[in-house]
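Per Swiss-Prot, the feature domain 'MsrB' maps to 8-130; the stated evidence is sequence analysis. The Zn(2+) binding site annotation in Swiss-Prot covers Cys47, Cys50, Cys96, Cys99 and rests on sequence analysis. Residues annotated as active site, nucleophile in Swiss-Prot, with sequence analysis given as evidence: Cys119.
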Amino acid sequence: MGKVNKTDREWQRELSPEEYRITRQKGTEPAFTGQYWNTKQHGTYVCRCCGAELFSSDAKYDSGCGWPSFFRPLNGSVIDEHEDLTHGMVRTEIVCHDCEAHLGHVFEDGPQPTGLRYCVNSASLQLKTQEKNDEGTYP
């Protein structure tokens, strides 16, 4: 896809106020309130800002934290990591590689096979649902 460069004004026109606050101003939605924290639908989670494919529903799990959680991204090049020292903590922020939208944080307390928990704001995501094929399975 390539890098996406837009002005703040362009992002404000394209996103809801909540999406803008979270993705462009590094906000966080309250736990257990986002659209995808408890969804079980199959598909691909894409960046709300630029549409880059980020996570598969196959890697989503219930971490109990109140935000959508994944144990791995679709591939290692879709997400960038930055040190986050805000709120008196040391955390690892995750952002979309293509547009630098704030997604959430990654923690080292996830399940196997990675041991990682990508904790993502629903407002940073959009789910492209997937239907079962003729055999009754997901492609």
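Cβ atoms here come from the backbone N, Cα and C positions, even for glycine.
Keep in mind it's a predicted model, so treat the numbers as computed, not measured.
Most buried of the recorded positions Cys47, Cys50, Cys96, Cys99, Cys119, judged by other Cβ atoms within 10 Å, is Cys47. A Cα-Cα distance of 19 Å separates Cys50 (Zn(2+) binding site) from Cys119 (active site, nucleophile). According to its DSSP assignment, Cys99 (Zn(2+) binding site) is coil. What surrounds the Zn(2+) site, by Cβ distance within 8 Å of the Cβ centroid and not counting Cys47, Cys50, Cys96, Cys99, is the set Val4, Arg48, Cys49, Gly51, Ala52, His97, Asp98, Glu100, Ala101 from the same chain.
Mean predicted confidence for the domain 'MsrB' (8-130): the pLDDT average there is 95.
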